[in-house]
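First comes the structure, then the notes that go with it.
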């Protein structure tokens, strides 16, 4: 490797508040082995017989939950699935929204939040089976029930959800793209998908058997005959008459209101399945309900919900929680409903929290999660994973230490508010461990980069300092980013907690109502790769403010024999932490000195591209440059 190779970094625009997205990851659970199925012979596979589901030769009770990849940012997919695992679920059910994947005709999107294959692979890694609701109609309180809105612009008008040839031609094109992607992920191919749903609650909408038969034939064409196809309809004769697909060996599942007596409905379900092919399953066990704008938020009682689930599972029936985790209708994708006529229009909220056991923010510290988990535990073959902690904002009346909220290393962001003052103020924090950067901005600021740096408080030189007056139409937000610089390892003060260990005092008044954001960097590289706010910085226009920001760059090693130990020089930078290929190589602090370089062992490096990411807490190098050198430097 050349002894002094210079490379320019990419500026990643992540303001201090957006650092909160790096929340602590849950511990990895057991890694399942891949299973190949053969429903027609041997014990491996997933099939239906004797009115039971069978998995690899053993009866299997589905205890599942809906968790929609398109309502969760990809960075949180694994986290939310881990929480579903801790709830006790063994199966994940998800819709596939056509409009997300084909936003305009033949423009196919399968990246980012639309990367369904990655989501399904993560689910499999965590040991889940998957029930895939492929549509083409999904309902789901999603815009146009998942249909692309451009379908409405076609003339003559299409007859949606019907055997209209013009409509079916577009469905054929869509499934011709989707289903080949799904084929390798079927259980019979070593993937997690055990069942694929055809349409969705069609019996509540129409009576067009040729349409349903067309979908079955299309699914069989791409997925083969071994996969279980299923329908879901309300548990009444009228809906099952119109929504099931006789003669096609398509399994008919039911759904019904939480709290209804399930046994008569399961008995009715049997009449719509072949003999021995009707394991009782409610494919939508409602843990909550949707909410429209202008209405009171819908909530359901945790204990009665758990009791209803208990009754179903005690019958050796299967259930899929709708929802296990609702998530969010990001962008313009929230749908709407009507009442008795078209004028009775009811638009859905952006939030799809659904009063589910795993809340929109990932919260599991709630009665419903605990109550449902207690029920599911009784019907699980093994012990459930440990009860997870929350990713969401931690709220306290007074600041607390890092350790008390489970943040052992790194940074903790404390935020509070105070009323606008007519003049400047004096801020005091008597006990900071170890170093705190202080910022303010107006609470209703619409620009995340409008932070004003106030100063730094250090454990060894604590002092009061002035907070300037800023004109706000609302309260003033106070941000304190505290860094753990390392715990004492010797002497009488070994009990060394980190964070803000005292009250925060403004003009002699103690501030209350704090929100805490633990900042972890366990998956830094994957988060930065998927972040859409990435720009190449012009060194002539570098903003030299004191606001923490990420910077990313890369260098190339041309030949394998050049992969050797090296050092990165941070001369010209101020203070922060650095990662090489997602490995934390440590803190840099040339402003304090004496160390100017960080050691990079060869095993961290790789032939080809190597990625460097740094969090600069203050001002960056004016040219956004780093040097690779072949010597250590302790002369800063």
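Cβ coordinates come from backbone N, Cα and C, glycine included.
Quick look at what TrEMBL lists:
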type: ACT_SITE; residues: 201; note: active site, proton donor
type: ACT_SITE; residues: 284; note: active site, nucleophile
type: DOMAIN; residues: 52-378; note: domain 'Glycoside hydrolase 35 catalytic'
type: DOMAIN; residues: 399-519; note: domain 'Beta-galactosidase 1-like first all-beta'
type: DOMAIN; residues: 548-610; note: domain 'Beta-galactosidase galactose-binding'
type: SIGNAL; residues: 1-25; note: signal peptide
Which value does the mean pLDDT take for the domain 'Beta-galactosidase galactose-binding' (548-610) in this predicted structure? 89
Determine the Cβ neighbour count for residue 201 (active site, proton donor): the number of other Cβ atoms within 10 Å of its Cβ. 19
As a test of the contact definition, list every same-chain residue at least 6 positions from residue 284 (active site, nucleophile) whose Cβ is closer than 8 Å to its Cβ. 66, 232, 255, 320, 322
What is the number of residues in the domain 'Beta-galactosidase 1-like first all-beta' (399-519) that are helix, strand and coil, as DSSP sees it? 6 helix, 53 strand, 62 coil
Per DSSP, what is the residue tally for the domain 'Beta-galactosidase galactose-binding' (548-610) in helix, strand and coil? 6 helix, 31 strand, 26 coil
